[in-house]
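Student: Got a structure for you, written out below as structure tokens; questions coming shortly.
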Amino acid sequence: MKGLTLACIAATVVAASHAMTTIIAPIAEISTTSSPSTTTINPLLQSRIDFEISRLTRRLERRIRGLQVGSGRLDRSITSLQRELDFNNAVLAQLPELIKNIMINNPTQRLSSRTVASIMRSVQNAATKASNEESAEVEDRRRRAIFEVTSSIVIVEGTTDSTTTTQIPEVTTQEVDTTTEMVTTAAPEQEVTSTATETTTEMTTQGTTLPSFLVSRINSVVSRIGRFFQRRIQRIQRSLSRLSRFRPLYSRLIDENTSALNNLPLLVRGLVTSPFQRRLRLSQVFRALRFRLTITTPSQPDVSPMSVRKRRQAESAEEDDDLVGDMEDLKELEQEIQEALEEVEKLDV
């Protein structure tokens, strides 16, 4: 009886041991593959992260290119406006003399602002052309002198050794008095009255006194066209002031988008917590960058995507667009720039 009991106990122990072995083995395998030293990201999550990085990279690159194009167009517009402002200031400064010279030859001609501007541009173009021709002539003389000096250098090859000697003839320079006597003739003083009602003031040109009716007409034309150019200058200055305010904004947006592009992989890894979550918006990436969130890789123990998400939602729960900071106003900004440019185009007389 005792032998039978011992046999039953032994069989029970063997069966229990076999059952424990079949249960413990898979657990041992699981614990081995999931040890902290060999933890790997879920392939689905990694694929989603790579997809978001690729998609947002393309969007950021397009946005940066668009901002750079807009910034370049803004700079060209400001340069063009500044050049136009300088021209109109020059016209306004020389307007009395210009009107007087025109009306002396054509007293009955009715002058318009377009005619005056066209004449002034012709004068400036002629002066620029003369200056360019003078510069080209000076450069041509310099090159000719260099050629004459270098062409007189004689190279003599030695016959006793392999050395080559260069003989440069002595160049003597003679001081030549290049001072040009300039004879200036003092032009008679020319006075233009500031109002059209003063007919007693005399205007002279080359010693000849102009009739009072011509003086009055000249003053009237100067006053009329001068007011037009003054209004034109004020409008250009207002447009310049409006456009100049956009320069730092464009620069800041380009810097912010470039920074987001450079840090995009790290930001996406911290924001993508599930392979099945909604697509990331650029606003989420920019908020993480703007608030200096510490986003690390998921394999490190200090990552807390839930706290990041809660903080992001607390900062801006209602913001649901793809804009960052002042990017919400980018369309309004571009519209304002377009209005300023259209206003400048209307300045053409």
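Each Cβ is built from the backbone N, Cα and C atoms, and glycine gets one as well.
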Student: Among 44-77, 112-145, 316-349, where does Swiss-Prot put the label coiled coil?
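Tutor: The listed stretch tagged coiled coil in Swiss-Prot is 316-349.
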Student: Among the residue ranges 165-191, 300-326, I'd like the one that Swiss-Prot describes as region 'Disordered'.
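Tutor: Per Swiss-Prot, the stretch marked region 'Disordered' is 300-326.
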